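Worksheet: one structure, shown below.
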Amino acid sequence: MTNMSNPIATAMILAALALKIGLAPMHFWMPEVLQGLDLLTGLILSTWQKLAPLALIIQTAQAFDPFLLTALGLMSTLVGGWGGLNQTQLRKVLAYSSIAHMGWMIIVLQHAPHLTLLALLTYILMTSAAFLTLKLSYATKVNTLATTWSKSPLMTATTALVLLSLGGLPPLTGFMPKWLILQELTKQDLPLTATIMALAALISLYFYLRLCYAMTLTISPNTVTSTTPWRTHTTQGSIPLALFTVMALGLLPITPTVVTLVI
């Protein structure tokens, strides 16, 4: 990795790795592929499959053009936000969410790799909780979220919080990496980049709020017998879901401890 001095070669390597993790503008495959997968397989694609490419990018970050990394990060957060606004399929929404989160990881990589690892960890926790709850609720489209309360009222409430955590809303866990990344960008004298990232986060937060609205503030037509299946709802997979959900919601208070561990 110490001989990566050719700018064309390093740009090609970065483009290949960006394609693997779904960074814009090499992101076009991800929403379509994720839409055709089962939610558990999609969870693996959104989390586990990104570990090896990100590890290579982190190890070779100093060889890449800083401007190129910044451009990829900004483009990914903007595309991830705008792309998710008009989606009705939940898998595609989660795909654009993944693209936006990858942008946050790449934008700070050249300045603080430990924050990239922290953002990756929190992303895996939140995404795992989101995929598992949607798997248990059998929701595939935005309009089907309105029926989840009849299957499991408690899971509906926690899912809404997990989605808000993915959007980076305080005081949930998802706010922690965004806060620290914006702080680091400001320290590096990049106020314009930090401002664009913050505004892009608001765009992403909008479609998370849209999902929460469909899930918690709307009630679809129901018969009397369809409002009680939660009484006999299966508990399969509830233990890992509970662990991921707790970590996806409540890690913000221990931010100082987490920062000292990852530095």
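One is the number of the first residue shown, and numbering goes on along the chain from there.
Just so it is clear, glycine is given a Cβ too, placed from its N, Cα and C backbone atoms.
Unlike curated records, TrEMBL annotations are generated automatically.
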Of the residue ranges 135-153, 154-172, 173-191, 211-229, which one carries the transmembrane segment annotation in TrEMBL? 154-172
Among 8-24, 93-109, find the range that TrEMBL records as transmembrane segment. 93-109
Same-chain residues near the transmembrane segment (241-262), Cβ under 8 Å, at least 6 residues beyond its ends: 114-115, 117-118, 122, 125-126, 128-129, 132-133, 136, 158, 161-162, 165, 170-176, 179-180
